[in-house]
Amino acid sequence: MATETLNTPATEPPPSTVTITGEPNPPENTVAVSHPSPDTKPPTDDEHGEKRKRTESETETDEQTEKNGSVHPLWKTSLCSYFRRTGESCSHGDTCRYAHGEAELRIRPDNTWDPTSEKAKKMKVETEDGDVVTEEGCDDNVVDKCFLNVPMKWTSDKLKEFLNDQGVEYKSAKTRKGMVVGFVSFETVEQVKAATEKLQGKPIGNKNLKIVDASPRSFERKVKPSLESDNKGEDEGLVNDDSTPGHSVSKGRSARDAVTPLAHMSYADQLEHKKKNIMQILKKLARNGRKACPDGVAQPDWIVKSREIGGLACKLEGIIESPLVNGYRNKCEFSVGYSLQGKPTVGFLLGNFREGVTAVEEPSDCPNVSKISCKYAEIFQNFLQSSTFPIWNRMTNTGFWRQLTVREGRRQVSIPEVDLGESNIAEVLLMVQISSAGFDDEAINVELEKMAEAFVVGASTNSPPLPLTVLVVQDHQGVSNVAPADAPLRSLPLVKSEVVAEARIQDYINNLRFCISPTAFFQVNTLAAEKLYALAGDWACLGPNTLLFDVCCGTGTIGLTLANRVGMVVGIEMNASAVADANRNAEINGISNCRFVCSKAEDVMGSILKEYLTKEPDANKEETSSPEDKSPDAEDSKMHHFDNVVAIVDPPRVGLHPTVIKALRTHSGLKRLVYISCNPESLMANAIELCAPSADKSEKGNNQNRGWRNMSSASLARQRAKSMPVSDPFQPIKAMAVDLFPHTPHCELVMLLER
């Protein structure tokens, strides 16, 4: 097969090769012609500013193209760079592959014009109704401009004041803190021209203002529809410009890939993968612990001995596997949005919103989600197809329907009955998150009644019927779907004549019954949580004369499951509904040696430690909690001296607050600490502060803290450790991973710290 490939000079970027033929699938005489991208400017001579001379091979290419009678699809679709600079034709004349004027310019294959052309700049047209729309094929960023060399101290209001003083008409203006740029949006091309004429090169301070095109953020770029429509269904290729980020999702990416990225691996390989990651965290802890040692202070034993165990801060005992690998989640939060095809969908985002991804896909292929949760997502999705209320738009922060949360409660079963799987699910709580701002209350009530009926009918007609215990509506006005603890909740009756049920379901851990409210924390993998709590109790060395602090206790699961092994449990939790659940759980299980305090741990940890670790508490001391936070035996327990004081902490992903860490470390009566973490990185940072040796004198007001915003969590922890009051540090003794999240990269890490 005779193929001729045309070469280009080394100064040009790699060209794209296009095959030009005179007949379909010719066996011979095929000529491969190379054309650069239309957006690539040809190299120019820096001294004279003229276009480079075309090579003989390129001239032959164009002549061959003319002989074959076919035109390259990108021919004359971009303006010549020399023409844009000078307004005159370049030395190539008619043979130049770029256009020398608007008359020569051709539309591109994707139905757009060269964004630098006048045709592309005619962006706005008025419809008969007076609405402003974007003309097909125009680039939006011609009316969004970036102002360079703006004084760094200018605020957005100062920029607006400057534009108003100069008589510039604009739509919006803003600056970025700590940057010398401003972003100004205009409504018409005429406003852009007027602003450019007035402000381009205008002196501001010791610099001249420069106006350039602003590149749109990734999630603001619209996806152009494909020109190929052959053999395509009616729905294929549809995009929703408000919330569909087709360009941001890699080809073939699914909800399964986004939510369970390890699902393609065998479970044994997943465990090995997680074990290796945990070992890297322990090595990182040892390295940073060594760096955190103050000058002139000997390295602690755990750092010295780390060299003997492969650089680990402590020995990794292994990883405990989950009893249930598929469908293990008892809580799923499904986003409401649009699929890549523009269909209203209830499921999971295909990526991070900060990367511009807003497309949602159904959860049916995610192995960690139960079939019951998937079915309720499908029922809600079918209801949304006919709902007159809009879906929440993440770009404009407007809409009504936001999220569906499904919580499942299992029957009391023993471990051998795990194989029964979803047949053990006895109760289901549904929580639908809405944003009611701007909607009529009466219309909302009617729509919510329709939704409740849809859930009831869908659950009852399914085979087998689905359990449905509670239906709750959460009203949240914020930008993110993460609602505050005090967001309004409203229970809906499942039957019109029925009294609204209490918004709680029940689940079992270690044969104890737990009430769970809609927003309370409860481990998502119940069966694996039993193994986690048993491990924490074994490592804590509990006994009848033990005082156990359960920090970040949630609904009290850790403290209550270990209450029969200790003398007293004190739980601390900031979520009021979770504390109410914890007190209720203690009551229904007949446990009287537990007290739960509703407050942030950083606010009360110090005073509570003093309260219980002091042998003779001050009788006149003001109480740190309300009467309802205390059990009947709380007063007597204060007067009892506990020989063994242990804390078990299970903080959120961000880790413990620095104030809590300081309180735990500086109270010498606390000898043992069991740290349970769902984010090993935050455990590593907290362990640095807990385990780094103290300096002879703490370094208060360390100047190195000025750049803390740019520090890693480990670096910041090392700086905090230097200002820690003189106290005995903990030492990491051992660690164990517990896999609560099969098919995902995450797992729980348990570490025992002693001193």
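Counting starts with 1 at the first residue shown.
Using N, Cα and C of the backbone, Cβ positions are placed for all residues, glycine too.
Taking TrEMBL as the reference, the stretch among 74-103, 134-163, 164-193, 284-313 described by the feature zinc finger is residues 74-103. The 10 Å shell around the Cβ of Cys678 (active site) contains 18 further Cβ atoms across the protein chains shown. Summarised by DSSP class, the composition of the zinc finger (74-103) is 9 helix, 2 strand, 19 coil.
A mean pLDDT of 84 is what the model gives for the zinc finger (74-103).
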